[in-house]
């Protein structure tokens, strides 16, 4: 240092001059270091606190990404139907209780873990070695869900393209009626547009080429948004996380001005609320399940997204905001959905209960049919399906982020500087794995994966997590898990039952996701020093200490 300044002719005449030179040199070296890091790792910004993984460019991008991840298709096509089915406004009571007892604590726990460790779901659980298999299960569940979730987005894209014509293809030119809507039989809207054979899963048939192109487009959108990780996806969510609210507001304003809208809202959450439904255990189970699905807990996405936060970010406040926004969106979406379904019931001169549906029946059959009865129907159809696409993309971004983050955390030296390549490779592989879901029997595979990989399997993870990381609501979740297993019935799609080999395949997918939890637990106990009882005690003591340290850090801040 002195030789360089001496040879350059700079004279150091006083300690103050030396201190100034040292500070300038330190600033230059810091700038050079950060610029070098940014060249080697494009996903790391010059102002990032974490120079290994990078941070969110702004707090807004993180909050929009979390809201976009939590607010998904289930808020629009599942919650309104559950509310109508389970007593209308009365359903909000168990829904709110489950949010406070289980949803918010688990959401905060996952967010704080990811932020504290700055690691993805697999590496986070190194803090509790006996539960490291939970991280692998989270990644596998996110992988299975990502496969079929993009197929739903592909359906939405195809419907969007089909909406650019007048009259709409489903406005009466196709042989389907309300009867076929309810029975999900041959000739309905989804079958006719997408060439799906609902007679049996045994005949897979060829890939439907137009759905394959839509699926490819969906994966291109996901890959492009995540090519530079959170630095690129953080910019995309400014549109994808806010546009659904604009559409819901427009649909609500249009819906409440239609004849019959009042009847739809009455059925949804109006004066016909049935408080006696609260004595039904199924209502409480569905409320808890909807909270878990809606907040996307135990899928790994919360940990992956929060791992890019700065260390002292107030994630407790963030968790409250996201959870309340998510649940508020569910209630708000119900008004937009049921106001137009009420008009549809008025047009057909039927009760609202005969036109209301959930899942695919609502998004791709009942609601498009209702929109076709409105003036300028293509406009409303376009807005609706663009909303579904943006809702799906936000959740899909986080799912792929889980996979990419886990891979980069597992092999940092090899993959750290290759974020774009990792994202592209993941999207290509999942596109190929999703091709069976767009065959003539593809809807069966989508429903099968949804039932066995994104269903009650998540409850197992909640109970396991809370057993080692003690939380007062462990008993509540245990009861819900036992009740879910007790009332489990073989899945069907409409009136078509799955064959035995299909059910067996579903259980194999479930076992493949869950088996890593006991395998790694046994392996960690075997490799640990001391007897099993001592290891168990040590795990509980260490877990409680680490949890206390985490929460102490954030609450002190």
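FYI, residue positions are counted from 1 along the chain as it appears here.
Including glycine, each Cβ sits where the backbone N, Cα and C put it.
What TrEMBL says about a protein is an automatic prediction, not a curated fact.
The feature transmembrane segment is assigned by TrEMBL to 62-79, 91-109, 130-161, 207-227, 236-253, 287-308, 320-341, 379-407, 419-436, 442-464, 471-489, 501-523. The Na(+) binding site feature in TrEMBL is assigned to 68, 70, 71, 75, 294, 326, 391, 394, 395.
Feature map: annotations from TrEMBL on the structure.
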{"residue": "68", "record": "Na(+) binding site", "Cβ neighbours (10 Å)": "28"}
{"residue": "71", "record": "Na(+) binding site", "Cβ neighbours (10 Å)": "27"}
{"residue": "294", "record": "Na(+) binding site", "Cβ neighbours (10 Å)": "23"}
{"residue": "391", "record": "Na(+) binding site", "Cβ neighbours (10 Å)": "29"}
{"residue": "395", "record": "Na(+) binding site", "Cβ neighbours (10 Å)": "23"}
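In terms of C-beta pairs under 8 Å, the stretch of 91-109, 130-161, 236-253, 419-436, 501-523 lying closest in packing to the transmembrane segment (379-407) is 130-161. For the transmembrane segment (62-79), the most Cβ-contacting stretch among 130-161, 207-227, 236-253, 419-436 is 236-253 (pairs under 8 Å). For the transmembrane segment (130-161), the most Cβ-contacting stretch among 207-227, 236-253, 287-308, 320-341 is 207-227 (pairs under 8 Å). Outside the transmembrane segment (287-308), and at least 6 residues removed from its termini, the chain residues within Cβ reach (under 8 Å) are 50, 53-56, 62, 65-66, 69-72, 74-75, 78-79, 82, 86, 91, 94-95, 97-99, 102-103, 106-107, 110-115, 117-121, 124, 135, 138-139, 141-142, 145, 230, 315, 322-323, 326-327, 330, 395, 398-399, 401-402, 405-406, 454, 456, 458-459, 461-462, 465, 476-477, 480, 484. Same-chain residues with CB within 8 A of the center of the 68, 70, 71, 75, 294, 326, 391, 394, 395 CB atoms, the Na(+) site residues themselves not counted, are 67, 69, 72, 73, 74, 296, 329. Highlighted: of the candidate stretches 207-227, 236-253, 320-341, 501-523, 207-227 has the greatest count of Cβ pairs under 8 Å to the transmembrane segment (419-436). Against the transmembrane segment (320-341), stretch 236-253 has more CB pairs under 8 A than any other of 207-227, 236-253, 501-523. A Cβ distance under 8 Å defines the sequence-distant neighbours of the transmembrane segment (501-523), meaning residues of its chain 6+ beyond its ends; these are 130-134, 136-137, 140-141, 144, 201, 444, 448-449, 451-453, 457, 460, 464, 490-491.
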